[in-house]
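**Student:** Pulled from TrEMBL, these are the listed features:
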type     : residues  : note
DOMAIN   : B:139-453 : domain 'NADH:quinone oxidoreductase/Mrp antiporter transmembrane'
REGION   : B:541-570 : region 'Disordered'
TRANSMEM : B:32-54   : transmembrane segment
TRANSMEM : B:91-110  : transmembrane segment
TRANSMEM : B:122-138 : transmembrane segment
TRANSMEM : B:144-163 : transmembrane segment
TRANSMEM : B:175-198 : transmembrane segment
TRANSMEM : B:246-265 : transmembrane segment
TRANSMEM : B:277-297 : transmembrane segment
TRANSMEM : B:309-332 : transmembrane segment
TRANSMEM : B:339-361 : transmembrane segment
TRANSMEM : B:367-388 : transmembrane segment
TRANSMEM : B:408-426 : transmembrane segment
TRANSMEM : B:446-465 : transmembrane segment
Amino acid sequence: MPPSSPPPIDFSQLWALSPEILLTLWGLVLLLVDVGPLRGRPGSSRRKTVGSLALIGPIGVFALLLAPLVAGPGAGGGDPDPTLVYGTIAGDPLATSFNGVIALLLAMVIGMSMAWDFTEHWGAYFALLLWAAVGMMVLVAAEELLILFLALELMTICLYLAAAFEKDKRRSAEAGMKYFVYGSVASALFLFGLSLLYGLTGTTFLDGIRRVLVESAAATGEAGGLSGDLVGATAVLLILVGFGFKLAAVPFHQWAPDTYEGAPAPVSAWIASGSKLASLVALMKVLLHALAPWAGAVGGEAGGGWVLIVAAIAAATMTYGNLAALAQRNLKRMLAYSSIAHAGYMLVGVLAAMVTVRSGSSAAEAAGAVLFYLVIYSLTTVGAFAAAAWLARGLGRDDIDDLDGLGVRSPGLAVCLAILMLSLIGLPPTAGFVSKLAMFLEVLNADASARSTLLLLVALALVNSVISAFYYARVLRALFLRRSDRSPGPAPRGVSWPIVLAALAAVGFGLEPAPLVDSMRSAASAMLTITLPPSPPDLPAPAPVAAIPVSGGMAMQK
Amino acid sequence: MATLLVVTVLLPLLGGLALLLAPKLDHKAARWVALATTLATLAFSLVLVGAFQVGDASAQFAFEGADGHAGLPWVAVGSGPGIRFALGLDGVALSLFALTSLLLVTSVFCSWSSITERAPTYYALLLFLETGLLGLFASLDVVLFYIFFEFTLIPLFFLVGLYGGPERRRASITFFLYTLAGSLLTLLGVIALIVVHYRFSTPQVLTFSIPELTEGLSRITSADWAFTRPLADSFSLSQFLLQPQVFIFLLLFAGFAIKVPLFPFHTWLPLAHVEAPTAGSVLLAGVLLKVGGYGFLRFNLAMTPMGTAVLAPMLVAISVIGIIYGALTALAQTDVKRLVAYSSVSHMGFIALGLFSMTLVSVDGAVLQMINHGLTTGALFACVGVLYERYHTREMDRMGGIWKRLPLFAFFLILASMGSAAVPGLNGFVGEFPILAGSFSRFPRATVVAAIGIILGAYYLFLMLQKVIFGPLREPGGEGHGHGHDDSAGVPPVQWYEIAGLAPLLALIVIIGLYPKPFYDRITPSVESIVARFPAEGAGMSTEPNQTVSAPGEDSPRALLARSAQVTAP
């Protein structure tokens, strides 16, 4: 970076970061409350008090997000440049809407956490949940590689710790340890990939990287793609390792089943929903925006690119996830494999968004379909994990068989859980079906050369949906078709409202998907069109000049 | 009328939700609510039948949106009309629509006394199923069709799984997964159809409307789509299978063939039919199987006619195998319900034969036969339910001479069996005869074999009648239950609700048998519009691409069909 004198930070921009700031501070407050006023109180009473206090965090985020609507237009928006803090963080509709989604998921996770006593350190636990949410929010908004990496680490480190929080269970410690070891290796590789990318392009801004790549492609006259570009390919592969770990995509998924099974149910839910959601958005930003010139062609001999790699990962991920889920008896472990499988479906959507031939205002619809899928998946998965929390509270274990007979004992919640399972299968009239259909229909708009490959992937995804029906149906069978004399008892409020809310969302957005689809489309279009301001001299702008000698060096290596 | 159609489709859903929200209702109140809802739905659908314009082949009662497309916009996809909530009925759909609303009344009566536990949920599930089925037949949008198509699975899963017989868990899971597996392939086929239409149509329109897709696909002149080579002319099997029309046909076929079910895909059927509660069996056999036939007609035949034409010999062979296999298996059963279930495999084979022979006469007959089979098999399953409620067994070897105990019931069972066995003067005959007559012009040998199926059908049905109805009175008195054989005086006579459930079906069996014209009048124009897109006879064998699709208007459909349907000795 040239040591120019940057303009002082415009503090009015901090308004756009208020959700993150609020949650950070509120986490500190929770810590202090737990060790201060509540010191010496028994665990369960602190759980209730700190948990209720923690709920104020996401509620405050909602209030902050709704404030501009109440205050009328112009209070927060109106700025033509949606980036903040020297263009490193976006304050676009994507960030705003996903802040809302993350806050909602956080509230559900906090609710589940209040169901039973699995730890003594409630202040630290809830603070970690909140700070993980901060990481996710920044990750979704990141427009620069370093911010992206820092946000990713903030999120994951909080989750490493939270996964190991059930200290009297060895599985929980194992979960945290495995997550940590795999995660730190993946992070190191990811960082290495980012450094290569910086070396190649001379900038860490996503839009700057895109510009440099477009320019160098134009200079060499080659079509997009990575063929012959060894360093570029290495960078892409390493970046995919990092994201693959976060998404639990095959072959970087090995940590997921053990971690999901061992960690307390709310933490597993948080890893499966929030962490996956934020990482996939970041992945889409990096791949679809910054590295789009390296996408390469799907068909034909001309230039391979990351599209082919992602296609292979997607196919392997969904197939392996579904087949492995078939053999599971534990609810959380089954959901872990199911979340692996869903990551595969979403990668198919990412591919479709890359090769789409849509242009103009509808260009982002394919990416919007993926975001829609992502939101629906996250909500339903958190709801399903709430069932695991319920079992863990009542029975101390969470096998699928422990759900036996709940259809008779708590018919309302059982119906809601059934709706969640149907939505995860992708059966109409639930939102799972609409989101799958919207994503897979994007094949229609795929590039002609990529269409057959994509159709193949979609066919594979549908076959996989059939396979997935087998293990989700096992939950249905346990709920309604079996009887049992052991019961987890009535569900506590913290468990029941996330389940009901998720089921309502699954049915509501299944019958009337238009509002969410539209907002996701506008979020996606904001995500894909974000550009740096046309580099005024006083901005620490990327130095595109630096790229030319580097890519020249590349050419010599070839 | 468009509003009335929507109301008719959604009314059972509302009734079901009302029942779900009042789970404290006892079974007596619940069944009255269910009966009122189904009767109102039936009344509305009869109004629709009355208002239907005979002779018009297009979908009627469709709501015309402000932008010129049918229905209300639902999910916008791209710049086209998008996925729409579009309902409408043509002749074929109308018949099945009315059949559904009638059979639902019967199935409420079938459950009148047998369902006492968790009755509100049960009736709610029945009503949800009704909405699914009505919506499915009325959908004018492929996605809407698919949504209703899949939605029917959910209530049926619970109906079989919660209220069924001893093997209900296995039956419901098998049924659920089997059907789901097929229908997802169908979804892929539907997506492929939309892609093909989008890619080749000029100007490019992304449409999900069934009529628009049917029309647009038939107008595509690109040789890739319109010209399909039969197996004999292909270099290899894979080249044959990878032709767009053949491939998409097979994808669509997967789901519908399992629903029908055609011969190798029928294994879920006996289990599900036998384990389902009576009302479930009535609906499964009466309507759910028709969904497969309806799908064949609406998608496979109408949208991939060339694929159907080149695959027809194999499809006809499968159908005929199904006819004979189903009949022989039915012959070997001792359980009445299993017998009726296998007879469905056989009869649905006739329907498939009629559809895949691709002549106007046979397709017409097949559509009418769908109605007929719904009526006769629905009545047969209802009769079995009557029997089971009294004796708690369905073993034919343990009963006999029921005529003496329940004469009215015996009359019902004999009439329904004769209708099913295609005795002339009853409805089975007017359905199966055109099927055989039409098929004979195309596939004479297969038709001759299929005709044996009718004989076998009469054989197993009359054998069943002989064992159950005639002979000396032999009642399963519950040996070992402490009841003596004289205790059979406790067998109640046929109740009013059983009569109310069966009588309309039996009346229709006779009416259709004696005077099928009003039914054909409504079915034929819609069938004609589909048959008009079929390649002319022999065109599938030709290598001239331009002969494949008859341009609309060039050759009057009626003339074309009259020719291909002539029954001439080969």
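Every residue, even glycine, has its Cβ placed from backbone N, Cα and C.
Automated prediction, rather than curation, is the source of TrEMBL annotations.
Source: prediction; values computed, not measured.
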**Student:** The transmembrane segment (B:175-198): which same-chain residues, six or more beyond its ends, come within Cβ distance under 8 Å?
**Tutor:** 142-143, 146, 149-150, 153, 156-157, 160, 204-208, 213, 216-217, 220, 225, 244, 247-259, 265, 267-268, 271-272, 295, 299, 303-304
**Student:** Using a threshold of three or more Cβ pairs below 8 Å, and leaving out pairs closer than 6 in sequence, do the transmembrane segment (B:246-265) and the transmembrane segment (B:309-332) count as in contact?
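**Tutor:** Touching, yes - the transmembrane segment (B:309-332) and the transmembrane segment (B:246-265) meet the threshold of 3 or more Cβ pairs under 8 Å.
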**Student:** In terms of Cβ proximity under 8 Å, which residues at least six beyond the ends of the transmembrane segment (B:339-361) contact it?
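**Tutor:** Contacts of the transmembrane segment (B:339-361) (Cβ under 8 Å, skipping residues fewer than 6 from its ends): 260-263, 266, 269-270, 273-274, 281, 285, 289, 292-293, 296-297, 301, 305, 308-309, 311-312, 315-316, 318-327, 329-330, 333, 369-370, 373, 377, 380-381, 384, 396, 420, 431-432, 434-435, 437-439, 441-443, 446-447, 450, 453, 456-457, 460-461, 464, 524, 527-528, 531, 534, 557-558, 561-562, 564-565.
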**Student:** Run the contact check on the transmembrane segment (B:367-388) against the transmembrane segment (B:277-297): 3 or more C-beta pairs under 8 Å, excluding pairs closer than 6 in sequence.
**Tutor:** yes
**Student:** When you scan the chain for residues with a C-beta under 8 Å from the transmembrane segment (B:91-110), skipping those not six or more beyond its ends, what do you find?
**Tutor:** 8, 12, 31, 34-35, 38-39, 41-42, 44-46, 48-49, 52, 57, 59-60, 123, 126-127, 130, 133-134, 137-138, 278-280, 282-283, 286-287, 290, 294, 297-298, 367-368, 370-371, 374-375, 378-379, 382, 385, 497-498, 500-502, 504-505, 508, 519, 522-527
**Student:** Please give the sequence-distant neighbours of the transmembrane segment (B:246-265): residues at least 6 beyond its ends with Cβ less than 8 Å from one of its Cβ atoms.
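**Tutor:** For the transmembrane segment (B:246-265), the far contacts come to 149, 178-179, 181-190, 192-193, 196, 228, 240, 288-289, 291-293, 295-296, 299-300, 303-304, 307-308, 310-311, 318-319, 321-322, 325-326, 345, 348-349, 351-352.
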**Student:** Quick one: find which recorded stretch in B:32-54, B:144-163, B:277-297, B:446-465 has the most Cβ pairs under 8 Å with the transmembrane segment (B:122-138).
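**Tutor:** Stretch with maximum Cβ contacts: B:144-163.
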